[in-house]
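Residues or ranges marked as signal peptide in Swiss-Prot (evidence: sequence analysis): 1-25. Under the heading domain 'Bulb-type lectin', Swiss-Prot lists 26-145, citing sequence analysis as support. Summarising the annotation, Swiss-Prot assigns N-linked glycosylation site to Asn43, Asn54, Asn89, Asn95, Asn253, Asn271, Asn324, Asn334, Asn340, Asn383. The feature domain 'EGF-like' is assigned by Swiss-Prot to 282-318. Positions annotated as domain 'PAN' by Swiss-Prot: 337-423. Annotated transmembrane segment per Swiss-Prot: 434-454, in sequence order, evidence recorded as sequence analysis. What Swiss-Prot lists as domain 'Protein kinase' is 501-786. Per Swiss-Prot, the feature active site, proton acceptor maps to Asp626.
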Amino acid sequence: MGKIGIVFFASLLFLLIIFPSCAFAAITRASPLSIGQTLSSPNGTYELGFFSPNNSRNQYVGIWFKNITPRVVVWVANRDKPVTNNAANLTINSNGSLILVEREQNVVWSIGETFSSNELRAELLENGNLVLIDGVSERNLWESFEHLGDTMLLESSVMYDVPNNKKRVLSSWKNPTDPSPGEFVAELTTQVPPQGFIMRGSRPYWRGGPWARVRFTGIPEMDGSHVSKFDISQDVAAGTGSLTYSLERRNSNLSYTTLTSAGSLKIIWNNGSGWVTDLEAPVSSCDVYNTCGPFGLCIRSNPPKCECLKGFVPKSDEEWNKRNWTGGCMRRTNLSCDVNSSATAQANNGDIFDIVANVKPPDFYEYLSLINEEDCQQRCLGNCSCTAFSYIEQIGCLVWNRELVDVMQFVAGGETLSIRLASSELAGSNRVKIIVASIVSISVFMILVFASYWYWRYKAKQNDSNPIPLETSQDAWREQLKPQDVNFFDMQTILTITNNFSMENKLGQGGFGPVYKGNLQDGKEIAIKRLSSTSGQGLEEFMNEIILISKLQHRNLVRLLGCCIEGEEKLLIYEFMANKSLNTFIFDSTKKLELDWPKRFEIIQGIACGLLYLHRDSCLRVVHRDMKVSNILLDEEMNPKISDFGLARMFQGTQHQANTRRVVGTLGYMSPEYAWTGMFSEKSDIYAFGVLLLEIITGKRISSFTIGEEGKTLLEFAWDSWCESGGSDLLDQDISSSGSESEVARCVQIGLLCIQQQAGDRPNIAQVMSMLTTTMDLPKPKQPVFAMQVQESDSESKTMYSVNNITQTAIVGR
């Protein structure tokens with residue numbers, strides 16, 4: 001290479017070092033930004049340049065997160081008018097304005113303002129804000145944060161300024177490939193306290209509820225468990241207000257709030273592995289504004305449903321029956337409205353208040369400042385126009401002087417709303433309650449009489465035939481259980497390590513009795529199950545559990561460490577499970593978030609592994625007979641362990657099924673043939689596994705899930721969902737972002753196969769394992785039976801049936 005070539009190469013290398021990757025620090029009159037060039041923030045978090053949505057021919061100037069794929073655009077300059085050729089510049093013109101021009105100097109976009117300074121430059125700040133700066137005073141003359149598109153970043157805000165007629169909102173894209181303004185706008189209202197709204201054109205689409213210092217009352221998910229935190233500053237006298245948000249855990253500054261073209265407001269952050277949706281609204285059809293019409297209550301169940309508030313009836317029964325609820329409801333009884341101003345308003349000829357819990361406060365409220373809760377009620381009672389009031393600790397007194405619209409009830413969270421009714425509504429309700437209470441009292445008395453008689457008969461027979469009376473010494477028990485190689489603990493040790501069964505050591509309460517935590521001398525933690533005298537688990541079940549668990553060892557079965565029998569005390573000692581039972585997670589609004597879909601799928605597979613061992617791989621063939629979510633324990637790593645073998649039965653040789661005259665189990669989990677004929681087999685456990693599988697997917701209890709006027713059960717709802725959409729929409733909405741649609745749909749189909757009415761139509765556990773771990777084609781399930789309705793109680797019910805006449809003879813909490 002000659003000297004000239006060497007000099008040229010060195011010069012070129014020098015220029016590349018000085019001006020790398022066609023990126024530079026600022027836009028000036030002399031240095032415009034052209035297609036193919038980018039402007040980066042100082043630390044390289046954001047980047048400004050030209051882009052084409054989904055590789056369309058249209059070019060836009062936008063800001064996005066740098067070096068993150070796929071590209072997330074957070075601001076667009078020329079969203080109304082794209083550049084359609086490859087010759088365009090973002091520059092500062094002679095009038096002192098930032099403009100986008102294409103061929104022949106046609107102005108595509110400008111900031112709409114001009115400045116007289118001769119030293120103007122445009123920079124992209126590290127917070128993602130594009131600013132036009134006066135180089136003389138170093139003052140920001142214009143900034144993109146004051147002209148938002150569909151996205152708000154950490155240091156930007158939506159706001160209103162009434163005196164100056166200004167409002168800063170988020171405006172959705174028209175569609176994912178067209179950034180021009182769509183039909184949705186997110187804004188902050190001027191009410192006191194303010195609300196967040198999504199408007200669809202000129203009509204409300206979603207409402208966040210009154211602001212309560214740190215949360216919107218219509219978003220119960222804003223419970224402090226999320227990484228994002230909102231803040232609203234409102235100056236009522238000045239007529240201004242603004243909303244910003246920040247990240248509580250600042251291990252990442254990559255976050256944005258966006259309004260999608262479908263009308264969904266999402267707060268998204270990057271946890272280092274990818275983008276995660278922290279909060280989203282709306283998430284349910286109940287969230288859509290005024291779904292149930294005036295004085296209608298939208299129940300945020302799955303799926304949502306509408307009801308009239310107490311004391312109200314549908315305006316049109318015909319429309320209501322068609323599920324067209326927008327007409328709402330009307331009062332059944334007019335208010336007396338004697339302008340009462342004291343507590344005597346509760347008298348029969350006055351008006352009263354009915355309290356509705358867990359609701360989003362209605363729209364169109366009035367804030368009454370500086371009064372307490374009692375005065376709030378009296379102010380409403382003394383005003384004939386007042387239809388309801390709510391006293392919210394972080395707000396104060398809110399009253400409503402018109403129809404109640406956009407009222408929603410949550411499963412948990414929300415506020416308390418007191419609705420004004422005619423006193424006759426309460427009187428009628430009280431009469432019904434008295435009648436019901438009388439019937440229940442008489443029924444309970446009769447049941448107790450018969451139960452006492454049969455219990456006396458049962459105890460008399462037990463005294464004649466029981467091979468080991470409760471009073472028998474521990475030595476006799478040792479002799480009886482000697483072949484099982486069971487460890488015996490003495491009672492004094494148990495009393496010491498449980499601090500005399502103190503409340504501090506109590507882990508929980510089951511139908512069998514309490515469970516306590518203890519620490520052995522070597523520091524090992526154990527769980528002690530203490531059989532209570534009122535438990536439905538008798539001597540037979542106690543012995544059964546010891547004999548079975550002592551012979552069964554598997555990573556997905558709870559391990560028995562020993563027992564203690566002294567006098568009437570019977571105790572079982574197990575390995576300690578740090579996370580208690582599965583039901584404490586999936587049915588808890590906060591804890592359920594710790595079990596995303598991948599973890600739930602692992603738990604499902606673990607339970608199936610445990611059942612496979614019981615049915616096929618152990619030295620015994622065991623039918624559990626009481627598979628349910630509360631009998632699945634979780635260790636410190638959330639590995640599932642099947643527990644409670646008191647009702648389990650062993651099968652011998654070629655035996656595949658058995659019959660019992662004493663049907664025991666938990667309502668909702670019992671297969672049809674077992675509940676009504678006493679016939680049980682491995683397929684009985686498969687049925688219960690199917691129910692359990694659907695509970696894990698949905699996060700809903702079989703014992704409390706009913707929807708619609710016809711009272712559909714969880715199983716029926718799962719069947720309808722599978723028929724309509726393949727079942728992928730069944731996943732618990734609180735963790736839906738973590739789920740694989742195909743995986744969820746597959747598990748729903750497996751669950752439906754497991755709950756088939758005929759035992760022969762259900763797969764065995766080996767087939768279930770293959771279905772869960774392979775991509776084999778699944779058979780189509782038949783419509784399951786939905787005959788058995790289950791009512792929720794404080795504890796799950798273990799039910800015993802006499803199969804002679806299929807009548808319930810005893811119910812024992814379990």
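Backbone N, Cα and C atoms are what each Cβ position is placed from, and that goes for glycine too.
Not measured: the values here are computed from a predicted model.
In the three-state DSSP reading, Asn324 (N-linked glycosylation site) counts as coil. Long-range contacts of the domain 'EGF-like' (282-318) within the same chain, counting only residues at least 6 positions beyond its ends with a Cβ under 8 Å from a Cβ of the stretch, are 198, 203-207, 263-264, 325-333, 354, 356, 359, 363, 403-411, 419, 421-422, 425, 429, 698, 700, 705, 707-708, 717, 730, 733. Scoring each of the glycosylation sites (Asn54, Asn95) by how many neighbouring Cβ atoms lie within 10 Å, the top position goes to Asn95. Ranked by how many other Cβ atoms sit within 10 Å of their Cβ, the glycosylation sites Asn253, Asn271, Asn324, Asn334, Asn383 place Asn334 at the bottom.
In this structure, the glycosylation sites under consideration are Asn43, Asn89, and the one with the smallest number of other Cβ atoms within 10 Å of its Cβ is Asn43.
Residue pair Asn383 (N-linked glycosylation site) / Asn253 (N-linked glycosylation site) shows a Cα separation of 50 Å. Using Cα positions, the member of the glycosylation sites Asn43, Asn89, Asn95, Asn271, Asn334 nearest to Asn324 (N-linked glycosylation site) is identified as Asn334. Looking at Asn271 (N-linked glycosylation site) and Asn95 (N-linked glycosylation site), their Cα atoms lie 44 Å from each other. The Cα of Asp626 (active site, proton acceptor) lies closest to that of Asn253, out of the glycosylation sites Asn43, Asn89, Asn95, Asn253, Asn334. Secondary structure from DSSP puts Asn89 (N-linked glycosylation site) in a beta strand. For Asp626 (active site, proton acceptor), the number of other Cβ atoms no farther than 10 Å from its own Cβ, over all displayed protein chains, is 26.
In the domain 'EGF-like' (282-318), the DSSP tally of helix, strand and coil residues is 5 helix, 12 strand, 20 coil.
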